[in-house]
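Taken from TrEMBL, the feature domain 'Glutamine amidotransferase type-2' applies to 18-240. Marked as active site, nucleophile by TrEMBL: Cys18. Look at TrEMBL and you will find Cys257, Cys403, Cys454, Cys457 tagged as [4Fe-4S] cluster binding site. Here TrEMBL flags Ser304, Asp366, Asp367 as Mg(2+) binding site.
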Amino acid sequence: MLNYSFDSYAKEGLHEECGVFGIFSDGTINPAYACYNGLLALQHRGQESCGIAVSDDGVIEYHKNMGLVTEVFNNSILDSLNGQMAISHVRYSTAGGSVLENAQPLVMRYVKGTLSVAHNGNLTNAVEIRRQLEQRGAIFQTTIDSEVICYVIARERLNCHSVEEAVARTMQTIKGAYSLLVMSPRKLIAARDPHGFRPLCMGKYNGSYVFASESAALDACGAEFVRDVEPGEIVVVKDGKVNSIRPDFGDKKKALCIFEYIYFARSDSFIDGVSVYEARKQAGRILAREFPVEADMVIGVPESGIDAAIGYAEESGIPYEKAIVKNSYIGRTFIKPSQKERMKSVRIKLNPVADMVKGKRVVMIDDSIVRGTTVDRIVTMLREAGAKEVHMRISSPPFMWPCYYGTDIPSRGELIACNHTIEGITALSGADSLGYLPVESLHEMIGYAPVGFCQGCFTGQYPADITVETFKGKERGGMNFDNKCQGTDN
């Protein structure tokens, strides 16, 4: 069996680093409360910190802190955040970045007024740009590339007629993944990088315009889905009117992160016209065709393994059973067990229904294997519960390369698929067999929709240049200073 500490188990799962939500209200919906509901719907995209910034007649106020949305905000705080528009953010950080200074939205004073930014993604040239800015006298308050974006916008604004023009120029400078919400005192701006690495959609509630990382967040505040923000597009809302700007980025191919469908997004979301739920079910169907096995039941590892398990069961004719129960109340403050108890500790979060699996041949569906620690322990749990056979089916290809566009996928040395064959992983995990979703089946999983994808973590072929600078500055975040900023920029 694999021998890892509980710390490594806690880090096993993949993490998408952010979710954003913003609204320009016509007065029929409270922006702060709309953001609160939107962030609750996006909580799965980040659990370490969150924040809301509002603009009220040219004054930007904000509140942000460490913790879940329900821990950071209450009615009193939300009632104090008055304004016509707001942007908000939930964040997950990689190691070393989980501090209040890195919480978003980022708010910056500059010579033209005030700027607030919420960012989902990761820049690949952030270190280079930051170094250049520091050589020109810039003083950074954080270690994250979201602040780099803010600085570039502020500097470009000095030579532009509007904030949106500054955003357009900034998009010609920065590289990598970014879905942005930018708020000046009188405008709300949404922008998506030319490759469309990270999702961003637009909705409407009466005369209010809403933007979110996922369509499920629009549903949470009662907004109607209008459309996705296109790759390379800038959407500007001012005085209740919407304008779309499409700068020329040349021949940039769309490259939405395929893992949005496999793991990150909520099942009830639609991303670029594709149902996340149906994509996951289709992955399960493909696995059933590619890796059939005689078994008594199909089970899914909560949460994102469940949809694929249903698809596997439908295609194979093997009954689906909810034979693994997840404790939904284990949060980021979960107390680590002693070294002696580490092999049992996973059961505090996941536990099999022993009467269901005893003496049975089980097909276990999970979304991915990163370091290998989670599947090892789940297989062990099922064996101890009496499962006769355990066959693992994974609804993604093997992870062979890191991600440089906003997903916390570790270095190649930590990826189990880089160090072991499929047969080796099977033996180490204790499973009877193992099957991964083939790389060539990823487009079939989406239903051959006309959507381009980034699958660099599986193939090592990335849609944008990767340099040595890419290995640095992968944190997301914001700034921490006085909670009220006056500005006049329009």
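From the backbone N, Cα and C atoms, a Cβ is placed for every residue, glycine too.
Positions of TrEMBL features highlighted on the structure.
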residue: Cys257; record: [4Fe-4S] cluster binding site; contacts (Cβ under 8 Å, 6+ apart): Ala177, Phe197, Arg198, Phe264, Cys403, Tyr405, Gly406, Thr407, Phe453, Cys454
residue: Ser304; record: Mg(2+) binding site; contacts (Cβ under 8 Å, 6+ apart): Ile262, Tyr263, Ser267, Arg280, Asp367, Ser395
residue: Asp366; record: Mg(2+) binding site; contacts (Cβ under 8 Å, 6+ apart): Gly300, Val301, Gly305, Thr374, Val375, Ile378, Met392, Arg393, Ile394, Ser395
residue: Cys457; record: [4Fe-4S] cluster binding site; contacts (Cβ under 8 Å, 6+ apart): Phe259, Phe399, Met400, Trp401, Pro402, Cys403, Thr407, Ile409
Other residues with Cβ within 8 Å of the Cβ centroid of Ser304, Asp366, Asp367 at the Mg(2+) site?
Ile262, Tyr263, Gly300, Val301, Glu303, Gly305, Ala308, Ile365, Ser368, Ile394, Ser395, Ser396
In DSSP terms, helix, strand or coil for Asp366 (Mg(2+) binding site)?
strand
Given the [4Fe-4S] cluster site residues Cys257, Cys403, Cys454, Cys457, which other residues of that chain have a Cβ within 8 Å of the mean position of their Cβ atoms, reported in sequence order?
Phe197, Ile258, Phe259, Tyr405, Thr407, Ile409, Gln455, Gly456
Looking only at the domain 'Glutamine amidotransferase type-2' (18-240), what is the model's average confidence as pLDDT?
95
Around the C-beta of Cys454 ([4Fe-4S] cluster binding site), how many further C-beta atoms are within 10 angstroms, looking at every protein chain?
28
So, in DSSP terms, is Cys457 ([4Fe-4S] cluster binding site) helix, strand, or coil?
helix
Fewest other C-beta atoms within 10 angstroms of its own C-beta: which of the recorded positions Cys18, Cys403 fits that?
Cys403
